[in-house]
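K.L.:
Let me give you the structure first, and then I'll get to my questions.
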Amino acid sequence: MGGCAGSPRRLSDSEGEETDLAPRPRLQDSQGAHWKNAVGFWLLGLCNNFSYVVMLSAAHDILSHQRTPGNQSHAVLLADILPTLVIKLLAPLGLHLLPYSPRVLTSGICAAGSFLLVAFSHSVTISLCGVVLASISSGLGEVTFLSLTAFYPRAVISCWSSGTGGAGLLGALSYLGLTQAGLSPQHTLLSMLGIPALLLASYFLLLTSPGPQDPGGEADSDTSARQPLINNEASESKPGSGSPLSLQERWTVFKGLLHYIVPLVLVYFAEYFINQGLFELLFFRNTFLTHAEQYRWYQMLYQAGVFASRSSLRCCRIRHTWVLALLQCLNLAFLLVDVWLSYLPSIYLVFLIIMFEGLLGGAAYVNTFHNIALETSDEHREFAMATACISDTLGISLSGLLALPLHDFLCQLS
């Protein structure tokens, strides 16, 4: 894809003193594109994960007014994660090769639909359908935008990851703040309808089309001015325009990703086992917080840790992500023993452990995808990023399946 018609041309030596001035607009355009892409991917990460986080943060409230029997948090968790799992399982089979703009539109529409369905629902079925739409939006968006990073400098992976971490923190904080201020869960969800619109605006109006540079490079200094994706028909032919990989190539790439996929699966298995299996059981009576408020604060502190570590790539890069998996499993064992024996004297100790849990999870996510971008070739990067998306969702799904019977067993003992 060449430069746009309005790009400044490089003057020849015969044109005299103006030769040294010609590259300046080009450099300014390049810097402008860099910042637009950085902000664009940060906002895409924020908006894409926002509805997912709100649904999990609202696990206590979404179904409580409908008097649903059983464990409400797990009902929301399963509806929120299983559609995402199906989408990410389809990604290596060719989903990542579909045009990007229709996928982004579908993601935004599903996000808005999820807020509306849950807010106006008067039945369990409709509420869970809204949660399913949030899951479809989040899963499709993550596959789409992580695949898209393959055509931009690697710095956008850090921006995307930081945005997803910001979604966790802002989603949990906004839901916590608005509900504690007296707003009902229904009105809280309706107030968040601007998020899907911001996602669409970030992609179609802010993000610029990929330039002719090496997508793995860190600099844009030689790229020409670029136009927003919605105005550049050629942009759809750049990502995904190459010939599809053969089954043998896909299998070879997948095997090479396993040493990153397996640790990330373990990290998310352990942390969501804690979040959805133990949070409700880590209840302290010697505090002014109610049971529901304690649950919300657990979610908020966890998301704060995730945001901090997903934004830390420029400061701290971790190659051996299996260390993070080991530490997260130790976190799980420590809190599981506390649920059984109740030996921790204060809720503030649990607050610290949960924030550390979030730090581990966020660091595992951003470093995994950054390492994959570093180690995969240009022709394999789009497929590799889409395939590795399954890691977190698979870990969450497995934790949900095992946490259900364990939660019931521990409740019977108490």
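Keep in mind that glycine also has a Cβ here, set from the backbone N, Cα and C atoms.
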K.L.:
According to TrEMBL, which of these ranges is region 'Disordered': 1-28, 225-252?
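P.N.:
Going through 1-28, 225-252 one by one, TrEMBL gives region 'Disordered' for 1-28.
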K.L.:
What stretch in 75-98, 155-176, 188-206, 257-274, 322-341 has the biggest tally of Cβ pairs under 8 Å against the transmembrane segment (104-121)?
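P.N.:
It is 188-206, which has the most Cβ pairs under 8 Å.
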K.L.:
Would you kindly check 188-206, 257-274, 347-366 and say which stretch has the most C-beta pairs under 8 angstroms to the transmembrane segment (322-341)?
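P.N.:
The stretch with the most close Cβ contacts to the transmembrane segment (322-341) is 257-274.
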